[in-house]
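Taken from Swiss-Prot as is:
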type     : residues    : note
DISULFID : Cys3-Cys22  : disulfide bond
DISULFID : Cys17-Cys39 : disulfide bond
DISULFID : Cys41-Cys52 : disulfide bond
DISULFID : Cys53-Cys58 : disulfide bond
Amino acid sequence: MICYNQQSSQPPTTKTCSEGQCYKKTWSDHRGTISERGCACPNVKPGVKISCCSSDKCNG
């Protein structure tokens, strides 16, 4: 499976993942809305939105 793994302000990059899932999580801080992408489907802190999916590059 191929997942995107860049932070919100970075150009898109991908990674081959063995976990079978990709995630995109978003949160807000003093810089505005931040997003992070990667492999698996991690637990997140309250106030962080996460969406997980299970197809190539689905977390764009």
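Every residue, even glycine, has its Cβ placed from backbone N, Cα and C.
Look at the Cβ of each of the disulfide-bonded residues Cys3, Cys17, Cys53, Cys58 and count the other Cβ atoms within 10 Å; the largest number goes with Cys3. The shortest Cα-Cα distance from Cys53 (disulfide bond) to any of the disulfide-bonded residues (Cys3, Cys22, Cys39) is found for Cys22. When the disulfide-bonded residues Cys22, Cys52, Cys58 are ranked by how far their Cα is from the Cα of Cys39 (disulfide bond), Cys22 comes first. When the Cα atoms are compared, Cys3 (disulfide bond) and Cys17 (disulfide bond) turn out to be 7 Å apart. Note on Cys41 (disulfide bond): other Cβ atoms within 10 Å of its Cβ, all shown chains, come to 17.
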